[in-house]
Amino acid sequence: MLEAVSAVMSLGGMALFAGLGLGYAAKKFHVEADPVVEKLEALLPATNCGMCGHPGCGPYAQAITEGEAINLCTPGGKAVMESIAAMLGVSPAAMDDEGPKVAYIDEEACIGCTACIKVCPVDAIVGANKQSHTVIVAECTSCQLCLEPCPTDCITMQPVPENIYDWTWDKPAGPNSKALH
């Protein structure tokens, strides 16, 4: 019994010592993050797809603070770009795409290899091995990571069809608008 108590006490002491060491190291080597970069990263879709030319959303947020264009996030689209512009106090830039798109799988050509399912960062593709797959349109972020691994090229990017639920009124001109003067 005494051996068990001494073993527990020694392990507890080592754990306490390691915890104190880690706590000290966390305080000693703490690096202050740029709050603007953190806010930008929160606005980005976090798919880390690399379509902007950076290895993920964090490096792209850092690049924006260093002067990179704010309109390179294809999955985020116009809404994310406008949010970034509003946060930084700059004018929105034109998006160089034709609008939002989602992946479409030709289910007759799909062989059910699951390669697309494995690379989708948001789990927007459903299906089983050796069964045809389909895309959950509401979840697809248009990152296009599913296109390359598909051995049958049965995945294409299709424009998001407009419907009555997505339609919105144009914002009216405000009292300070040049359109009224």
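We count from 1, first residue shown onward.
Every residue gets a Cβ built from N, Cα and C, even glycine.
The [4Fe-4S] cluster 1 binding site feature in Swiss-Prot is assigned to C49, C52, C57, C73. Here C52 ([4Fe-4S] cluster 1 binding site) comes close to Y60, L72, C73, T74: these same-chain residues lie at least six apart in sequence, with C-beta atoms under 8 angstroms from its C-beta.
Mapped onto three states, the DSSP output places C150 ([4Fe-4S] cluster 2 binding site) in coil. The [4Fe-4S] cluster 2 binding site annotation in Swiss-Prot covers C110, C113, C116, C150.
Cβ neighbour count for C140 ([4Fe-4S] cluster 3 binding site): 23 (other Cβ atoms within 10 Å of its Cβ, all protein chains included). The annotation [4Fe-4S] cluster 3 binding site is assigned in Swiss-Prot to C120, C140, C143, C146 on the grounds of sequence analysis.
According to Swiss-Prot, the domain '4Fe-4S' annotation covers 32-90.
For the domain '4Fe-4S ferredoxin-type 1' (101-130), the DSSP counts in helix, strand and coil order read 5 helix, 7 strand, 18 coil. Residues or ranges marked as domain '4Fe-4S ferredoxin-type 1' in Swiss-Prot: 101-130.
The domain '4Fe-4S ferredoxin-type 2' annotation in Swiss-Prot covers 131-160. On the 0 to 100 pLDDT scale, the domain '4Fe-4S ferredoxin-type 2' (131-160) averages 91 in the predicted structure.
Per Swiss-Prot, region 'Hydrophobic' is recorded for 1-26, and the stated evidence type is sequence analysis.
Here C57 ([4Fe-4S] cluster 1 binding site) comes close to E41, L44, P45, A46, T47, N48, C73: these same-chain residues lie at least six apart in sequence, with C-beta atoms under 8 angstroms from its C-beta. Among the binding-site residues C49, C140, C143, C146, the residue whose Cα lies closest in space to that of C116 ([4Fe-4S] cluster 2 binding site) is C146. All protein chains shown were included, and the count of other CB atoms within 10 Å of the CB of C116 ([4Fe-4S] cluster 2 binding site) stands at 24. Secondary structure from DSSP puts C73 ([4Fe-4S] cluster 1 binding site) in coil.
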